[in-house]
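What TrEMBL says about this protein:
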TRANSMEM  67-90  transmembrane segment
TRANSMEM  96-114  transmembrane segment
TRANSMEM  126-147  transmembrane segment
TRANSMEM  153-178  transmembrane segment
TRANSMEM  199-217  transmembrane segment
TRANSMEM  223-246  transmembrane segment
TRANSMEM  273-297  transmembrane segment
TRANSMEM  309-327  transmembrane segment
TRANSMEM  339-357  transmembrane segment
TRANSMEM  363-384  transmembrane segment
TRANSMEM  405-423  transmembrane segment
TRANSMEM  443-462  transmembrane segment
């Protein structure tokens, strides 16, 4: 089958042609986006290039034209119907390979007719030659008459002449289609457009394949083939009629301008172009004959009849339909290379599946349909990725005529040679049979083995092509594996369908909950939403994400902006994400005119672990009078474990009136000591039942220190635990103060000694009224003293 996103040698996307040729998509002039015209003197249309609005308006006619052409290719030269038709005429596989090779071989004319096509006009040339090509295809309807009157050799010669005439006309039309194709689909929608186009052409292909199988199952001899070919010609003419409505493709305005000569040397010296040609050529060399003769494999080796062989295409079409939009969306968002390479990797698995599938079994049809489904997915990925790579990255818009002529000629040579070789190999290996361990040996085995090896070589070549703004294969896979991709995809769809602010806010929240790189673009879009609540929610959602350079840059832009309500939240979010790239911007924000921005920036720097900023924060803490900023600096210093800040933090804790602020200051001191989770656990336990929690902590402390202290201290600890257990908090905390006074501190860090000394004073003075000191003292004893 051909790549659904591009087709065989210029035919439209979404079709199931009999030859498996996932070469770079060479679609009907509807698939590839435009770029600005080349430099003056190279390509300047007679009329101005269509506007973006005109281009987008013409895409619908393109899709309809492609859908109609899908019926044509299914019923004539490119579907399984044509291969089965040749088999019904009694042709050998070598003869079939010769006829099929004419189609790509005539691509060589592109090298010679390209200048004339440019002068005549791309659109005019395409419509003329594709229109006449349909008339030439109608000549196949006379094949039964020639066969009955003049014999099989005459019929072979007649069909060869028809195929050659068709191939010549088509080659000129396709030569015109490439530059025209680059003219009217904007680059930013190329992948999505191709995917949408493939959805419609695939649905049309479903109908065409079903009808073809139905007709062949209910007719005898060549009658069914004639019915299908006749219908295909009609749909081909309709396709050309709709193509006439597509804009662009005007003749060159000034044929006498200097600089309009051929420049094939530039293309030949382009290393990326050569690597691309080599990779595509190797793949074409094996997949074209595989696709051409796969129907015969299914018929001869697997045991399926002609109608079922044709119906197998529904599996491929279904795979194309299911994966089309996802591949196209991924190519537009993450680049062509990863999509191309993953599609290519899946393509290499197909021959293995065909070799190992059950034969002449009740399961044969079901397994073949499953493999066909995988084939549709693989070819769609390869077709969309490689086509986008060719038109966006490989081919310069100002040299498209020469590049495309070389490309089409090269594919023609390789495709033609592959058809001849494929048919000849199958004839030479006709008597091959047997079993090698679990592997069946048959005439198709050499082609299948080549179908595994050559795509891998092609993989290595195409991986060397440089693509800007793309991601690697590992990163591409990680995008779909990190977070919750299913929640991400559903949220993305619902985000774009949201009709009001409330719904958009809810969907923005879900985008962040997915924690998937898939949602980055939507979150960036939400940041630019004109609705304040959506922007606000976007910042909060971004804070839930793993670090991403684009999200960090967007938040930095908001932090340095003038919308104060969002600037503060952006500072918090930058600390929440944990991307060190935000540190320079947050340092600058410490000098903001707004205290709230300075406060949140300080907290964020503490969360990010910016140890270098600690001296500045300590200096500001010593001179700051604003309570909010004092708390922010203190919190940051605690996060940074700035031991030099122990004294100022203890002093601030002593004078702070707010109970919540005092507990946060105690936490900052606890962080300096270490093991924050231990402090938080104590706080939670004390909040639930202060006496019991503290009694248990003291008892645990006593059991662990009995062998390390003098005999009197364990008894004092027992007494303290008993008082606390009886909920006598005042007496228990004062007893704890006495214990702290007797406790040896030689092994403690200096900052821990200072903290315990302050705790002892306040516990003796305030007792249970300042519970944060009791919690802090127990934390220091558990973390530092026992260590």
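Here the Cβ of each residue, glycine as well, is placed from N, Cα and C on the backbone.
Segment contact holds for the transmembrane segment (273-297) and the transmembrane segment (405-423), given three or more CB pairs below 8 angstroms at sequence separation of 6 or more. Of the two recorded stretches, the transmembrane segment (363-384) lies close to the transmembrane segment (309-327), with three or more CB pairs under 8 Å once pairs fewer than 6 apart in sequence are set aside. The stretch in closest packing with the transmembrane segment (405-423), judged by the count of Cβ pairs under 8 Å and taken from 153-178, 309-327, 443-462, is 153-178.
For the transmembrane segment (339-357), same-chain residues at least 6 beyond its ends with a Cβ under 8 Å from one of its own Cβ atoms are 20, 22, 283, 287, 290, 294, 297, 302, 327, 330-331, 364, 367-368, 371, 374-375, 377-386, 388-389, 438-440, 444-445, 447-449, 451-452, 455-456, 458-459, 462-463, 473, 476. Residues of the same chain lying 6 or more positions beyond the ends of the transmembrane segment (223-246) and with a Cβ under 8 Å from any Cβ of it are 28-30, 58, 61-62, 64-66, 68-69, 71-76, 81, 84-85, 88, 123, 126-127, 130-131, 133-135, 137-138, 140-141, 143-144, 180, 184, 211-212, 215-216.
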